[in-house]
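> Look at TrEMBL and you will find 12-30, 42-64, 84-106, 112-135, 161-180 tagged as transmembrane segment. Marked as domain 'Calcineurin-like phosphoesterase' by TrEMBL: 205-380.
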Amino acid sequence: MISFKQLPIEAKAAVAAGVVFFSMMLSRSYLAEKLDFRTRRWLLRLQMALFANTLMLMGSLHVWRSTVTTFTRSSAASSFCFMLWKIAVFMFLALAHSSFFTLLFLVAEEPYFFSLAAYTCLGAYIILIFFLFTLGSVEQAYKFLAGRGAKAGTGNKNRTALKPVLAVLLTVVLAVVGLLNASQPPTVNSVEIPVHKLPSAMNNLKVVLLSDIHLGPTVGKTKLAMIVRMVKALKPDITVIVGDLSDAEAKIIRPAVEPLGELDSPLGTYFVTGNHEYYTSDVSNWFELLKSFNIQPLHNENVKIVSPKSTSDWFCLAGVDDIEADVLRYSGHGMDLKKALRGCSSEHAIVLLAHQPIAAKWALQERPDINLILSGHTHGGQIFPLNAGAYLLNPFFVGLYQVGQNTFVYVSPGTMYYGIPMRLGSRAEITEIILRSP
């Protein structure tokens, strides 16, 4: 039987990841009631950071071998430039690994430079891993098709060296493009959606949809103030925030949230939780903070949006907790559609706020009379190559979908970004939704 010491380092990293994951499940199941709230919150976030890092360790070993070890036998290995390259690769990997810990120690009103650098390296890390894997697969396929009769020669060595060089160059180019794209203000996307049984007096009602702002290590007060200015310029009747507003505790990041107090939509501003609100384990404090800014959380509940022209004309605006609350066993929270739609009948139009597209799918299976669901969560994939995964894992990816004759789902690609200050194959968006009466 092979001992732990005899395992290759990649296998040791995999075992470590498994141990951390098991400890996460154990603490959620058996320690949740035995630990005080603050300890439980810190333990969960620390476990998530450790789990991500143990998984990344396997990729980091591959990056090091591909970009450093591969060249150690070359004539340039003893040069000063190669020493600088080794230091640069090590620092790159160290910053990428440290990014998850900035959520614990480096969150303030405005992002720290270290946090921006760490998450930029994390984004480049993901891209680099993809290209190293892809080019390596192409190389293996070439060897298989070409046969292995010929001995390894200079041509093979050149191809081996070319792979990491090409991967690094592609990563640098895409990282720069992604950074420039994400640094731009969100685009304003105007969408007209027919809403079955919407009163004619409420025709052309304007709803501004925000999602996935992710206040935290790389998004601060300045960016939120810009978003609020853009929303106010649109003069919406209603503003809705469909989750993942923040990645930090309310008390820590309160100064960054203050611009939200300037939102003044005449028919109200509403909020539902996303999965990241539950990762902060601070939802109750967030609810109180948002209420102080006249933003109403819809905690499995609904409100009547009454037409300014006639009190007899109204529709039902409902919101559900994010489904991650059930996974995390967050006390008093979890998606409860029956409670959220209590009093909402098919005689009036129903608009539902649900952070995740999978929750939108479940809601329609239970209540097909819902006319419009507004979601977020996917970020449009945010960066290449994660776009493909987000597309495959969600029943609705991004944009407008018609489900049945009288039901629509709109998925926002996100108003900012999570952590990594990059956008590749997606664009941050503020959505201006014009509700049309049939």
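Every residue gets a Cβ built from N, Cα and C, even glycine.
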> So if I exclude everything within five residues of the ends of the transmembrane segment (161-180), which remaining residues of that chain have a CB under 8 angstroms from its CBs? That is, six or more out.
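66-67, 70-71, 74, 120, 123-124, 127-128, 131-132, 135-136, 139, 383-384, 421-424.
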> Six or more residues out from either end of the transmembrane segment (84-106), which same-chain residues have a Cβ under 8 Å from its Cβ atoms?
42, 45-46, 48-49, 52-53, 56-57, 60, 63-64, 67-68, 112, 114-115, 117-119, 121-122, 124-125, 216-217, 247-248, 419
> What else in the chain is close to the transmembrane segment (112-135), if you only count residues 6 or more beyond its ends and a Cβ gap under 8 Å?
56, 59-60, 62-63, 66, 92-93, 95-96, 98-99, 102, 106, 163-164, 166-168, 170-172, 174-175, 178-179, 217-218, 383-386, 419-422, 424
